[in-house]
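**Student:** Relevant sequence annotations retrieved from TrEMBL are reproduced here:
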- B:1-23: signal peptide (SIGNAL)
- B:94-295: domain 'ABC transmembrane type-1' (DOMAIN)
- B:100-122: transmembrane segment (TRANSMEM)
- B:134-154: transmembrane segment (TRANSMEM)
- B:160-184: transmembrane segment (TRANSMEM)
- B:226-252: transmembrane segment (TRANSMEM)
- B:272-298: transmembrane segment (TRANSMEM)
């Protein structure tokens, strides 16, 4: 492509163009779509993920000589179908990831925009809140809250959401600061637009790029945190499946049946890696000048 | 500099004060810690006596200030499960976490600084791609999974290293690798970008023009200015690692603050949980302060703004 065609393209088309040529975008986005599809329609095809069958415990996956197609990935120590639980776990991970980021994104963006736009004391207070948030050890605080309040998906979403807003705030703050004195914002103020209107109509659409990048990273962060909490026994409660919980339940099988850990483990790594790759691709498109 | 120092100290104090409120109130979220402490099947009279004993019948702010007063005079309360003063429980567990944190940091630096230098010097080559790939893969691997993987390879299959306990320094190898690996990518990226910047600077060009050998230019002239921000990030990362040690200590049964925190949560051992939260937050705040001062020392612009 020549420089002439590049300049002839609108910024949006240019971004799209760059995106479609990005390997990470296709790999990451493809894997996420696949997992999302599995999470949505998978349960229609799999066995009951919570049905126990003590007569069929610890069957190995189908590639083992003792495996069978009834349980393609084998069964766990309670005789539950591993594939069904894996699909169920995909639903939990996806739900936690997306729902949490809605909560943390809303909090972080509101705080970051306020700090960046108003500056002064508001900025000082919000920076202080960010510092406090960073001082709290995330895993520990989440564990305490879940232990005290009790565990449910809602509690997990709220707790993780309340803990992971800091990066949203930091990024939107500096993005808003850059825009607060730009010509179009000054113009909007001059024609008498209200502050909420300036924030929502003028500034917000212009910081969507970095916002999406942070959101992607934070989905991965939330998925990992849920897995860690479930692994520690204070996340998703059985019989609901979660990949972290599946690893924890099979921890003592590491010696003889490592696949029980490897299967949910690979699923988890694939999902997080895919999200991170998508995030990298988005960052290259949104802020190509900052490419490391 | 003195004004900057005073302001940062004040902010740190305020942060610690606010965290203490949070550490205290988190445990009271359920409304009745006495019931949790008494356990299931306790008689109402038992719950009532625990409530009286620990002062849970007082208004919450009275409880907080009573607790804070005790903390400030060095009295952290008693672990109702272990039947020991919290101070001695913490003193027993802290050295393990300190050892783990420091050796994890050492591992992270040993991995990230050479890789960062190479990636920066040979930008956009195979080495650079490899280093960045390692960072991306590392961030996608949950620590508990990485820990189990190391246990499987080095503990079960090769039988090279112990996988549980904290008896010898060999016991710390796998946990430190697990924990340090997560701090490495950020440190590596910072070293890399620092090297890229400094290799184009005047003093490095002059050193090269003198005809100094390449290793001298890189290690003595370039690295010296590229490394300072890395050191201050390392201080912050050490703080993160103390918070993250809970997963690693649980997997490897290291009797440090993380494992203690996890066990205390299971036992509803409130005074211990509050103290650990406070101690970890305090250490983190101090490490961040240290990093800020270090940054201000090398970059006068930070001091003024």
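Every residue gets a Cβ built from N, Cα and C, even glycine.
What's the neighbourhood like for each of these?
**Tutor:** Distant neighbours of the transmembrane segment (B:100-122): 128, 131-132, 134, 172, 175-181, 183-185, 187-196, 199, 218, 223, 226-227, 230, 234, 237-238, 241-242, 245, 248-249, 254, 256; these residues of the same chain sit at least 6 beyond its ends, with a Cβ under 8 Å from one of its Cβ atoms.
Remote same-chain partners of the transmembrane segment (B:134-154), defined as residues 6 or more beyond its termini with a Cβ less than 8 Å from a stretch Cβ, comprise 115, 160-161, 163, 174-175, 177-179, 181-182, 184-185, 188-189, 244, 247-248, 251-252.
Here the transmembrane segment (B:160-184) has long-range neighbours at 96, 99-101, 103-108, 111-112, 115, 135, 138-139, 141, 143, 146-147, 150-151, 154, 234, 237-238, 240-241, 244-245, 248-249, 251-256, meaning same-chain residues at least 6 beyond its ends whose C-beta is under 8 angstroms from one of its own.
Tertiary proximity for the transmembrane segment (B:226-252) is limited to same-chain residues at least six positions away from its ends with a CB under 8 Å from its CB atoms, namely 96-97, 100-102, 104-105, 108-109, 113, 116, 120, 143-144, 147-148, 151, 163-165, 171, 174-175, 178-180, 182-183, 186-187, 190-191, 194-195, 197-198, 258-259, 261-262, 280, 283-284, 287-288, 290-292, 294-295, 298.
Long-range contacts of the transmembrane segment (B:272-298) within its own chain (CB-CB distance under 8 A, at least 6 residues past either end) are made by residues 1, 4-5, 8-9, 12, 15-16, 19-20, 22-24, 26-27, 67, 71, 76-77, 79, 81-82, 86, 89-90, 94, 228-229, 231-233, 235-236, 238-240, 242-243, 257, 260-261, 264-265.
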